[in-house]
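A.B. asks: Below: one structure in structure tokens.
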């Protein structure tokens, strides 16, 4: 039986000032240790789901709703236990900073958990080293670059020892190079620490790297599956109003021209290499 760190059943949520559900009766699961990406347009309900998984919001619309995180069912009594297991990195790290220096900010969550001073110093040093920000521990967060700020935000999450990290559009304010570096860092941290990643984004090219994709539209879950399964379904992509990543655009055009593309060719790099090999045989 597959070990799911998150199980969601019949999740619905409507904000008090709205008559339309932000999330409308959706069910899904997130395998432990996986990278799952939720895609959809602005206003589709993505960030609402992030806040529901972390207990920032509590669902009341549907009595059948179940949110289970790491074996704990979310209720008003258990939401703090859930928050010990889940960390969220938001779009704008400035909104998360509370400390005067980088090390103070990373230590904030530990202070709230009454961690001893000596243990706190060890943890702060370790997580800043993991995100390559140890040289900036005495710096003021406001003077860091966008990528550096996200690294500090990630360190603050790592410090509390979560099982699940939610990336809520956390690379959307970075340039392409900065985005690539942060995503690569998170992948390395995932492998090193055995983390589960739940990435919320409208960047289709980011979603290609996931193990599993969820497609959301107007609060409804349209589909779930591997990136290959999602992006090879052109009808689904069109109905969700999404664009195909460059790799799939090129691949689909080649297939239409009756050029066979092996299943193992699943990235731009592999496609370029394969086409070069084909060209050399002509």
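Cβ atoms are placed via backbone N, Cα and C, with glycine included.
Taken from Swiss-Prot, the feature domain 'ABC transporter' covers 6-243. Positions annotated as ATP binding site by Swiss-Prot: 40, 41, 42, 43, 44, 45, 46, 47.
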A.B. asks: Using a 10 Å radius around each Cβ and all protein chains in view, which of these binding-site residues has the most neighbours: 42, 44, 47?
C.D. replies: 44
A.B. asks: So what sits near residue 40 (ATP binding site) in its own chain, CB-to-CB under 8 Å and at least six residues off in sequence?
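C.D. replies: Listed in sequence order: 46, 202, 215, 216, 217, 240.
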A.B. asks: Sequence gap of 6 or more, C-beta under 8 Å: which same-chain residues meet both conditions with respect to residue 45 (ATP binding site)?
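C.D. replies: Non-local contacts for residue 45 (ATP binding site): 22, 23, 24, 216, 218, 219.
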A.B. asks: Kindly assign residue 45 (ATP binding site) to one of the three DSSP-derived states: helix, strand or coil.
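C.D. replies: DSSP call for residue 45 (ATP binding site): coil, neither helix nor strand.
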A.B. asks: According to DSSP, does residue 40 (ATP binding site) fall in a helix, a strand, or coil?
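C.D. replies: Reduced to three states, the DSSP call for residue 40 (ATP binding site) is coil.
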A.B. asks: Cβ within 8 Å of the ATP site's Cβ centroid: which residues qualify beyond 40, 41, 42, 43, 44, 45, 46, 47?
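C.D. replies: Filtered neighbour residues, in order: 202, 216.
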A.B. asks: Residue 46 (ATP binding site) has how many other Cβ neighbours within 10 Å of its own Cβ?
C.D. replies: 22
A.B. asks: Let me know the model's mean pLDDT on the domain 'ABC transporter' (6-243).
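C.D. replies: Here the mean pLDDT over the domain 'ABC transporter' (6-243) amounts to 92.
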A.B. asks: If you count Cβ atoms within 10 Å of the Cβ of residue 41 (ATP binding site), leaving out that atom itself, what do you get?
C.D. replies: 14
A.B. asks: Inside 10 Å of the Cβ of residue 43 (ATP binding site), count up the other Cβ atoms and send me the figure.
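C.D. replies: Residue 43 (ATP binding site): 12 neighbouring Cβ atoms within 10 Å.
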